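Enquirer: Structure in structure tokens, see below.
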There are 4 protein chains.
Amino acid sequence: MNTFGKIFRLTSFGESHGRGIGGIIDGCPAGVELDIDLIQKDLARRKPGQSKITTQRKEPDQVEFLSGVFEGKTQGTPIAFAIWNKDQHSNDYNDLKDVFRPSHADFTYTKKYGTRDHRGGGRSSARETIARVVAGAIAKQILAKAGVSIQAYVSQVGEIKLQKSYKELDLSATENNIVRCPDQEVADQMIARIEKAGHEHDTVGGVITGVATGVPAGWGEPVFNKLHADMGFAMLGINAVKGFEYGSGFEGTRLSGSEHNDIFIKTDEGVRTKTNNSGGIQGGISNGEDIYFNVAFKPIATLLKEQQTLDKDEKSIKINPKGRHDPCVLPRAVPIVEAMAALVLVDHFLLNKLNTI
Amino acid sequence: MNTFGKIFRLTSFGESHGRGIGGIIDGCPAGVELDIDLIQKDLARRKPGQSKITTQRKEPDQVEFLSGVFEGKTQGTPIAFAIWNKDQHSNDYNDLKDVFRPSHADFTYTKKYGTRDHRGGGRSSARETIARVVAGAIAKQILAKAGVSIQAYVSQVGEIKLQKSYKELDLSATENNIVRCPDQEVADQMIARIEKAGHEHDTVGGVITGVATGVPAGWGEPVFNKLHADMGFAMLGINAVKGFEYGSGFEGTRLSGSEHNDIFIKTDEGVRTKTNNSGGIQGGISNGEDIYFNVAFKPIATLLKEQQTLDKDEKSIKINPKGRHDPCVLPRAVPIVEAMAALVLVDHFLLNKLNTI
Amino acid sequence: MNTFGKIFRLTSFGESHGRGIGGIIDGCPAGVELDIDLIQKDLARRKPGQSKITTQRKEPDQVEFLSGVFEGKTQGTPIAFAIWNKDQHSNDYNDLKDVFRPSHADFTYTKKYGTRDHRGGGRSSARETIARVVAGAIAKQILAKAGVSIQAYVSQVGEIKLQKSYKELDLSATENNIVRCPDQEVADQMIARIEKAGHEHDTVGGVITGVATGVPAGWGEPVFNKLHADMGFAMLGINAVKGFEYGSGFEGTRLSGSEHNDIFIKTDEGVRTKTNNSGGIQGGISNGEDIYFNVAFKPIATLLKEQQTLDKDEKSIKINPKGRHDPCVLPRAVPIVEAMAALVLVDHFLLNKLNTI
Amino acid sequence: MNTFGKIFRLTSFGESHGRGIGGIIDGCPAGVELDIDLIQKDLARRKPGQSKITTQRKEPDQVEFLSGVFEGKTQGTPIAFAIWNKDQHSNDYNDLKDVFRPSHADFTYTKKYGTRDHRGGGRSSARETIARVVAGAIAKQILAKAGVSIQAYVSQVGEIKLQKSYKELDLSATENNIVRCPDQEVADQMIARIEKAGHEHDTVGGVITGVATGVPAGWGEPVFNKLHADMGFAMLGINAVKGFEYGSGFEGTRLSGSEHNDIFIKTDEGVRTKTNNSGGIQGGISNGEDIYFNVAFKPIATLLKEQQTLDKDEKSIKINPKGRHDPCVLPRAVPIVEAMAALVLVDHFLLNKLNTI
């Protein structure tokens, strides 16, 4: 269950403080010229220690390709890759070895497997998402050739919410600030909010919005692998995600059908819809309009505060972790959301080749 | 892509106005004594024409088992079943043969497949969900033996929202009214709201809440098949669904980590958590607490109102469908939500047998 | 585990004496015009009672399509179909209800599932292969458009072996006799051999040879889904099959490499090989030459003779079945071999669309 | 298509002269204590340069585990591993860069992917089977706990055939000689035959026989994943394999049913069969008897002799490779056959947990 995708399949491996994190991509078409810089750029966007509002764990996060790429091009054979862990500091975690940290996976992994790698969360650590960022960055390059681009940004931090829709924003400004919100004014408030959480040794949640443009009509596989169902599945598989909505989402439930329906119109570009409450997907298949969605992240569970909990013998104890933490994961999660969206879309791009003969 | 599940797998078939709807369940364990009445009861809860607030299409929706069940028991072999269509009236749809109805799948199916069965939406019709209700009703019976029960109810219709959490409600009252809301007072408002939509030949959306109790700690398969990711995938695959959240969901994004974390406590029943913002799932694995989630449904697209649209030659036309429609699908979608939740949980119940030797 | 194929997927259902046999094909491309007569023709070739050397069970074996085909064309949606059982005579089997017939699946099914449908072998009956013949007949029609044709024939019955290779035979003569051997002289000996077995209430095994022509270079998916590995898997899944070899097969193990290697030559048709010990497949991928293979069938286990065995209480008993039996399944298995070969090839035809972008 | 198995899944990566060969095992149960020495022992049995009759390529073939094993035990999380290539000598292959070697995969890979890694066969090299040996060695350790053991041996080299069945041999003597044939007299002839091939710069094929003992009744998943169908699929996926038969195999096709049927008898050990033509499998499910099978290997295509062929521009050329080669791969393929058999059996061991609740 560590494989994502049906045609373009990523199988991921690795633990937070083991030898490294990596994966195998099987099903990548042959002949794709890989731009390693673009991959490394997304890794840098996800990297710890990239700004004052993220964890200060130091990791170079340099990807090494182990197979499947020859003379710069994919070969149609499995692409294995690894990012070796450097800053292991695994002794830091000895205190937590036998403790079930609140709202972490310590308790559930132990219940499920009868064993766990306690060092920094082991397999349950969000460090695993590096593998997804690498695979997603390759998927993006394939999609770019098909005219599809994906952009995500932070649209809410705690109670601070960006009111504008993606249509009213200049998404190219997303990388202009450390919180990855394309509206600088709101970004400043978000940064302040995250700094406040950091000072309090606490954390704060929020929402990431994703937008895919250029997806042609026809991608998506009813009845179960509707494009948005696969997208939701992908997003809900990211650590700390609690919700997903696309198009009109939860707000749309309040509308009547006559308000919600998107009227087809003829334009110079062909058939379009007047509004886009459908979020670019109808009956589970893309209709050519922009695909947009929201992903809800809880405030992450790792606090640098005293908390009451139980140890593995079910004895009550107090924990008070020291060191580094991420007061808000959202800025670093932006490339992860993009990567997962890219993995979903590249899979449907390939699946769509099979509809007709 | 018409197969759902990894171990307990439903492959569904059928179109709205074809010969019938059905499916094959592969991977159902042998020796399960099937209670056909319970299956038929869930079909009746989903059936059109069951109350004044649903579509008046007349269908008996009687399931026939074609294989896999012998002397009342499952055999470990594929269970095929069908619900034959009776009320076909497919001529009703001739007017819409070449029309792309707004916010339906007419346009996208045509773009994807180059062809479509236009009769009542063909494969894209929600009538297909009958197959899921049958499979889900079998899954429920297996889960019941494992002590797991699933209950869904309508928690919002348009702007009318049930404010109480599932903990404050008597869920056994859900079936006491035709809207399937366990709070009679709110139910009455919802019914009135749906009737209003019906009179206006319009539709209204809403939210269904699902609750699973009795799931032991340990179900769920990181990193991609987290229990809530599979649950979200299942719900987003239901027609008209636009969003999914579990536990604290979108609201939880506004909390700080210290507010959100669920503290472990020791009780007579073993390890429990004081609060349940986690929605019974931590690190993608059940922790023994109740699992609860919300599913957002848009107002469905079939209106009995005049609407502007295009036909397949991209010519602008007006449509004004006559006949029957569902002003609000939520009451009939309650058993579908339960069925999909049951399919997810039975799959993880079985997968969980493989963790250790 | 009742699903075959990766892209063009057949899920089969049904028992020998249940309601019927059928299946769902998911992943069939849209827009394929189905020739039902061709499907029915293959069913007739597999039908019991078709000649004096087969079982006399009377079944019309008429396929009914339940979904996925509209106005004569596939829709890209799941194609469900059934062949309803008529000649059920299930009381005939009451004597055998609690008996483990030698070399049947009675014992193993009971051990595995704790239960079994004893009527005519239930799920383990070769009657299930009807579903494969239907799906294979559709696959053949798709392959025909791609220039691929498949032909199988009986090349051995008991000790009577056709010495000529497929190259020396006129395969179009295969259907000229009831044993489906394209060499009439050898066919006559085979028929006599089968009749002898029939008179002795015994059975006889043999070999079916399959040939696929027109497969272009490039089909097959290393490293595990080599074209011949998928082909062997398909053949070994047919009831009573004990072995599979392709190209030079077991005989080729006696050659030296310099004798066995197929030299590339340039011809008017492009790159070809001088010999074809490779059986049209190199490194698991088709090379454009004919694909040919042999499938070994044991003599089937159903005899009309007295045999010693055990019942389910492990008590020794004698059985002496009466009625109908197939002294040799090979003539009727020819279309099954073709069907399975077609399912493998159509899958690789579709998979091959995904190699490059 | 580089993933093998349904529950215990190996995804393999790597090329002959790339960074290394390795894989990810997903679905391995938690809590298995790994004996690394046993894994390394099987790698040594497969290693080039182990005796005078194998290729002299020098590789230490030391496995490194990258994840999924903590404090010596499996964690239920993906087990990644690699064997780094040392003796790369990839310049040796420059001469062959643009040549299609006879009966190799050079031509077919180029046709399929439009590109290939020419160094030592790249992905098509049998060096990839190292990954299978590692995964198989883990599978063997799990099976050993379930009482199952697997033993393979060379039973034919060229025309030299071991006439005794596995029952008449002392299989523990298999490792006593470098050809891995448990009959020393025949082994000596085989060694001489291989040496002769080596001196002639030629190669020779043969047969490996595999035996699995201790498999309880009930493993195997009809109708497509019959235990022997999965076994055949696994064997046919090994480089150079041309055929597979189990139990009575191709020889059994000459028998009549009354000779072939295995009579059930009651013994102190429970229900057994008097003979075992079934090869331990009936109806695709194990019956508790020994499972035995034969695997045909062609003489491999790499010769150190002058051969005529074409280059990628379809020009006729002569090649005359120098260096090292394997005159007969069978001795080194013995652990590969065992590994693949172990992967099949461990998968069915796990699948079998799902039959009943």
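Quick reminder: no glycine exception, Cβ is built from N, Cα and C everywhere.
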Enquirer: Check TrEMBL for me: it has B:Arg123, B:Ser124, B:Ser125, B:Asn239, B:Ala240, B:Gly283, B:Lys298, B:Pro299, B:Ile300, B:Ala301, B:Thr302 binding FMN, so pick out which one of B:Arg254, B:Arg272, B:Arg324 it puts in that same site.
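Expert: Checking B:Arg254, B:Arg272, B:Arg324 against TrEMBL: the FMN site match is B:Arg324.
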Enquirer: Cα of B:Lys52 (NADP(+) binding site) to Cα of B:Ile300 (FMN binding site): how many Å, rounded?
Expert: 17
Enquirer: Taking the residues B:Arg123, B:Ser124, B:Ser125, B:Asn239, B:Ala240, B:Gly283, B:Lys298, B:Pro299, B:Ile300, B:Ala301, B:Thr302, B:Arg324 listed for FMN, what is the greatest CA to CA distance in Å, to the nearest whole number?
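Expert: Greatest Cα separation within the listed binding residues comes to 45 Å.
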Enquirer: Check each of B:Lys52, B:Arg123, B:Ser125, B:Ala240, B:Lys298, B:Ile300 (the binding-site residues) against chain A and write down, in sequence order, those whose C-beta lies under 8 A from a C-beta there; write 'none' if there are none.
Expert: B:Arg123, B:Lys298, B:Ile300
Enquirer: Select from the binding-site residues B:Arg123, B:Ser125, B:Ala240, B:Lys298, B:Ile300, B:Thr302: which have any Cβ-Cβ contact with chain C shorter than 8 Å?
Expert: B:Arg123
Enquirer: Just to verify: the residue among B:Ser125, B:Thr302 with the fewest other Cβ atoms within 10 Å, which of the binding-site residues is it?
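Expert: Looking at the binding-site residues B:Ser125, B:Thr302, the Cβ with the fewest others within 10 Å is that of B:Ser125.
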Enquirer: Among the binding-site residues B:Ala240, B:Ile300, which residue has its Cβ surrounded by the fewest other Cβ atoms within 10 Å?
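Expert: Among the binding-site residues B:Ala240, B:Ile300, the lowest count of other Cβ atoms within 10 Å belongs to B:Ala240.
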Enquirer: What are the non-local neighbours of B:Arg46 (NADP(+) binding site), defined as same-chain residues 6+ apart in sequence with CB under 8 A from its CB?
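Expert: In sequence order, the residues whose Cβ lies under 8 Å from that of B:Arg46 (NADP(+) binding site) (at least 6 apart) are B:Asp61, B:Thr129, B:Ile130, B:Val133, B:Arg332, B:Ala333, B:Pro335, B:Ile336.
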Enquirer: What's the most sparsely packed of the binding-site residues B:Lys52, B:Arg123, B:Lys298, counting other C-beta atoms within 10 A?
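Expert: Checked B:Lys52, B:Arg123, B:Lys298; of these binding-site residues, fewest Cβ neighbours within 10 Å: B:Lys52.
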Enquirer: In three-state terms from DSSP, label B:Arg46 (NADP(+) binding site) for me.
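Expert: B:Arg46 (NADP(+) binding site) sits in a helix per DSSP.
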